[in-house]
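Written below as structure tokens is the structure these notes are about.
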Amino acid sequence: MNLRASCIAAFLCLLVQLCAADFSPEVTHRIVKGIGWDISYFEDSSNVIHVGEKMVEMSYDDGVTWTEIETIGKSSDILVKFDPINVNRAFVFSRIGDTHFVTDDKGKTWRSFKVQPKKSLKDRELGMHHVFNFKDDSVLIKLEYCKQYPEADDCDVSYFYSSNSLKSDPQLLPIDAKVCVVNTLLDEPTILCVKDTRNSFGHVVKSELVSSKDLFKTSESIKHPGFDSGRIIDVRLESSFLVVVTQKDRFNELSSISISVSKDGKTFDTADLAFQMAYGAIRFLPSDPQSLFLTVAASTSKDTRPQGTLYSSDSSGLHFKKLLDNVDLGYSARVEYVHGVWLAKTFEEDPIVEPNDDYFGSPIAKTSSHISIDNGLTWNKLEILNDDSCKLKDGCSLNLLRFDAIEDKNKYVTGPTPNILMGFGITGNTDNFFKAKTYISRDGGLTWTNVFSGPGIHAFGDQGNVIMYVPFSGRNHGPATEVRYSLNQGRSWGTYKLKEPCFPQELITTTDGTNTKFVLSGIVEHQQMSEVLYAFDFSKAFDGNKCKDSDMEKVYARVSPKDGQPNCIYGFKESFMRRKADARCFIDRTFEDVKVDVEQCPCTQQDYECSPYFKLSEKGVCVPDPKKIAEKCKSESKDTLKLPDMQIVAENKCEQKSDSSFVTETEFKCKDFTGENVPSSITIGQSEFDGFLSQYSYVATGPDLSDNLIVKTDTGLIYASNNGGTSFVRVPFKEKIRGFYVGPSLGRVIMITDGDVFYASNNGANTFYKYKVPTSASNGDVTISFHPTDESRFIWLSGNCAVGSSTCVAYHTEDFGRSFEKLIDNAMACDYVSPVLDITSTELIYCTVVDGNKKKLASSTNYFKEAEIEYVLDDIVAYAIKSNFVVVATLDEAHTMLKAKVTADGFVFADVDFPSDFKIEAQTAFTILESSPHSIFMHVTTDSTSGHEKGAILKSNSNGTYYVLSLSDVNRNEVGYVDYDRLGLLEGVLIANTATDSKEGKNKKTQISFNDGSQWNYIAPPAVDSDGKEYACKGQPLSKCSLHLHGFTERPDYRDTFSSGSAVGLLIGMGNVGEYLKPVTDDQTAAFMSADGGLTWKEIKKGVYHWDFGDQGTILLLVDAAKDTDEFIFSKDEGATWETMKFASSPVKVLDLATVPSDTSLKFVIFAGSHQSQSSTQLFAVDFSQFFPRQCQVDLENPESDDFEYWTPMHPESTERCLFGHEAMYLRRAAGHDDCFIGSTPLDQGYKMVRNCTCTRNDYECDYNYFRDNDGTCKLVKGMNAANRMAEMCRKPGVFEYFEPTGYRKIPLSTCVGGKQFDALKPRACPGHEKEFNEAHGRDVGGSKIFILIFIPLLVFFSAVFFVYDRGIRRNGGFQKLGQIRLDDGDDDFNPIEENIVDVVVNKTVRGAIVVAAGTFAVFKTIRKIDRAMFDKVTSLLFGRRPGQRNYVRVPDDEDELFGTFDENYEDELNEAADVDFNVDEEPEEFTELTAEPANVDERLFDIDDQSEDDAVSAEHPEPESTHE
């Protein structure tokens, strides 16, 4: 019986195949000039629109015939958009221009409409476009206007609306919004838009969600705390969920993201899914009314595909659970028409890219495909049925590369036929496209059968009963010459030979897959730039027979592979009727969707979810949510609450008998969730590493993102985190890692191994490339020298590079390690110099080369390809590259003196001149502390005795050549590190420790400078300690009692500093108050803090602590560094108050405390030793991200009304709030505003330089060869004088002048103006160079210069005088006529000739000259008389003459005397009245013998203009005065 049945089945199958082979579809084709842009079906119709080159055409018979749309015309760059609701409507948008087109009858007729963009956008192209139905005839259109290449991603969004189905031109929506959506959750649809308010700097300072029912004639704002604080970046309607995506930090696009969800369209709650928007990707997937599905990107780089995590929510949309990790974000899709079935690709855990897995510069991804039939709760790999070499039990499965049937404008769909899927992929776990084959599934994707040996495109017709397949290419990678089709659901295939072979572009049928007609578009190879359009018609297969009920079979969706039973989702299971595969008929229900039957299921645990007061744990159990319970207690004001742990999923259809089997009520005491028991918003995470901590580093992967953290232990293991230390993965390197280097470019990391390979990452250790080393690291140490700006270039140095050895070699790569070229042999060190010095030669490289027992400095501008190596310096010790300078330490010929040379251009080196009394022995070292465009700070060792190491800090001039002493006896350690710190953000504030010898070793004291090292002072101690007790410093000078801080040489991590790179003015350090700095283990050691840039300090807490700054100083965190501890202290108000929190279950030994280098993160990590194992390290991640309820508001236009205030640093000796010659103001969070975080708020844009101050002594430092004496003045060093200065400077070649120094030079950072100029230099000529000096300063007196400077001005002057005399005096009667002019008679007697404007100007000049001459003469005579009177008074006091007599000056009455009759011997006239003293005393003495005053006083002396003629006459001849001795 079984045999007979098998034979019948085989016969029927063969018969079907023969019949299929005999059938051939009806096919038409046409060739179209140019390559088409798009081809699409209108929904539920046979109408097809085709966008070709410079034309748009329609077919109304499934692609058989075509008609060009004349209304649209010859448009060359257009976009087609279908209305998502109205299936009859579609749009044609033109990228260029403002005329667009619309159809309301599926393309039969078209009409134009115009959209007028803003004037500022008229020159842009149309990018993305979206269409929303609002209500009735209302249409909302979103258009993006984008800049042209290469700025095509810079787009501005505009929304337009029409209330009459675009019968008239749409209008601009009266709201400036980038995001709008139609909210259909309400009874009446409304438009929701995001409205941003920006300041003058372009920053979003406010973001609000506004709603309108009348196209924003009126609107209302929807309130939610998350909206007010952050920035809303997206609003969308997903099934029954209205979702608002908010960026927590308005000023950082990569900041954490929160999701707020509404089910009623009005009220929102914040979901518990918060994540870092580090890679700009959150993708919402097709969702059900019961659950919201989305993926969140975890990493991306230009060399790898984006990957992330798949999440689903509960029925409220507020609580999310993780479904799948490492998901390929481009290949995750829900299977259409079936609830709960998902297909996804995941990346393998191994982040190592092997050399053979790299092609075309990109890695072949290791991925695998998975399927879930229970909404993502469980996942299975895909089984292949007809491949014995790939069995699921052996770990082999199908890896689909693509499984979509139609790409419907950015939406992947699996096909319209339930349970029938098709796609291409490979066996194994790689994504090698060239090895792909095509597979088909008839059970919804659980099992697959190979049907073709290559990849191609496919489409389904008649609910899967017709399948067309077109390979991407034919033989030898040429065009496809045939298409394949199946009429029995893929069991057998027919072939049709194409009349015109082509490379297929699109294969389409009706959108619901119910038609038996298809349209294929492809590129024709032999026709230049042409497209072929094929129309296939299978309707006559099976003689047009329509299926009967007997031809159909019932098929269940989601059949479990374990027991063969259908799986229930949301309380129901689904089935549908499908044609039997061997039936010879068509369903022929065109435009009719597949009917799905629903059957109710009994309720199970899967139909329940956690109640609102519980949350899902990592183990999948509902546990109490303290935050929600606290809110419930507060709202109901009860002592106890009974709350259920679970509830049935909303809209679940399961058959429910009782909740008791699944729901448990728990009683809670509200006192446990209120008051001090309120749960903390600070989260603590814990990780453990094998081995002891040996190296760690943060790696920046974006401009404002440094959350990637790499940890290495002494076992050679590497652990990596991309979320700030919250979680780690061990990177599975096969080799032991010796160490790693982090490059200056974003994401660049190199791992050095003991073997013949190394690993390189370009995305912050998310993935690594494995490469061969140029020389094995086993030969010696390896050094990597990165290019400062080119991320693909670095230099590899390896080998035994000791002096006398020749095994060290330098190699260069330009492709980040894929290949190397040899640079130079015997190189100990190499560096790229050009980017540092910013010179035109972009390839300048320096190398320290070993040559026998000497080291030389080699340079090259073409990677040492010269015939001979150029050595710029022969005998060097080392070189240091700092910004704008390269400093080289050299030895003299006798090796008795260490010298330094400096270059600013990379080619010319200048000698470094130390102060004349500063001698350096050959074995003495110097350390380049730092450099800037203004100067170099250098520490020169003066005592290298073990245990007594110290030296002097020298500071250079602007070109790095001349140095002055800044501070003596500065402490250093045995390896050359110096107790020196420059405080971040503050200009020129330095801290250093000096040392003096003692029996115990060193006595160290801390000094601070507020003027860039010109002046140093001890730090004034606080008045009281942290317990309120007074320090015993009263009455003592600072030299005997001051604050001392442990410096750079005593830090366990040299990256720790007193100050922060972002918290301006905040300083923290460990130390003590007293005469000297005590050992760190001393009981007096405590933590001290300054909030004003080091002016004043206070003690925080006794003990020794690690410290760090978070969020630009809004969080200060300290943890005990000496004793085991399980808690840390933190401050949220800049150190005003401190709180304590536990981070560990038991005390641990803290090794270090760290956060991102910029101190802008709210995440910290605490490294600690493990008590359980002496060979492991613990890490505790402390996260304050949810600690602050809001972001601080900043209003740079009105700073007094926001959360910030201005703070001004100042010099302690200044009363003008000045530092470096100017008053500067920095923005800091205001006191009392400690409920907000700063984030990436651009505080630097609020920086103000209020004014430049007048220059004072604080703006100057001692000049070269001068030192600061105890009295604060600058004096010449011993043995130097001005002659030394002349001889020293003039002996240099090419020098013709020297300067007489004042001993002072202006500090380069100072911008002061005016005031006292301490540095006013006077140039002097070097002996024998007077001529060059005079020429340089314009002092040579050649004949030509004399002529130009003297004779030409005189010639011009006399010419002008003669012209005025000729036109203004001689022509008007000469000087005799002018002598008649009276100052008090106006111009009645003077009527000059005025024939033109020149005469007017000349005559006015003459008048003015007369008045000026008269007044000047009178003043001159008065001054002479006063001077004579003063002389007489002095002589009278000395020789007995008596004061009291008044002297008067006679002023001539008539101006004619000024010019004609005045006595020329005016000295005699003055002497006539010189015998009387002019009394100028304020309080004259009393005398007993007085003389009578003269009867006739000439009062015109004091009021010339008011005198009458009578007065003048009476005063003309006064009587002689008598004098009594």
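Cβ from N, Cα, C; glycine included.
Per Swiss-Prot, these features apply:
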TOPO_DOM  22-1345  topological domain 'Lumenal'
REPEAT    58-67  repeat 'BNR 1'
REPEAT    101-111  repeat 'BNR 2'
REPEAT    371-380  repeat 'BNR 3'
REPEAT    439-449  repeat 'BNR 4'
REPEAT    484-493  repeat 'BNR 5'
CARBOHYD  N959  N-linked glycosylation site
REPEAT    1088-1098  repeat 'BNR 6'
REPEAT    1130-1139  repeat 'BNR 7'
CARBOHYD  N1252  N-linked glycosylation site
TRANSMEM  1346-1366  transmembrane segment
TOPO_DOM  1367-1399  topological domain 'Cytoplasmic'
TRANSMEM  1400-1420  transmembrane segment
TOPO_DOM  1421-1525  topological domain 'Lumenal'
REGION    1503-1525  region 'Disordered'
COMPBIAS  1504-1513  compositional bias 'Acidic residues'
Might you list, by sequence position, any residue in that chain lying six or more from N1252 (N-linked glycosylation site) with a Cβ less than 8 Å away from its Cβ?
G1221, H1222, T1311, C1312, V1313
Among 58-67, 101-111, 439-449, 1130-1139, which stretch has the highest count of C-beta pairs below 8 Å with the repeat 'BNR 3' (371-380)?
439-449
Below 8 Å Cβ to Cβ and six or more residues apart, same chain only. Which residues does that give for N959 (N-linked glycosylation site)?
V902, A904, A910
Work out, from DSSP, the number of helix, strand and coil residues along the repeat 'BNR 5' (484-493).
0 helix, 3 strand, 7 coil
Whole-number mean of pLDDT values that fall within the repeat 'BNR 6' (1088-1098):
95
Cβ under 8 Å to the repeat 'BNR 7' (1130-1139), counting only same-chain residues 6 or more beyond its ends: which ones?
1066, 1089, 1091, 1098, 1100-1101, 1113-1118, 1187-1188, 1229, 1231-1232, 1234
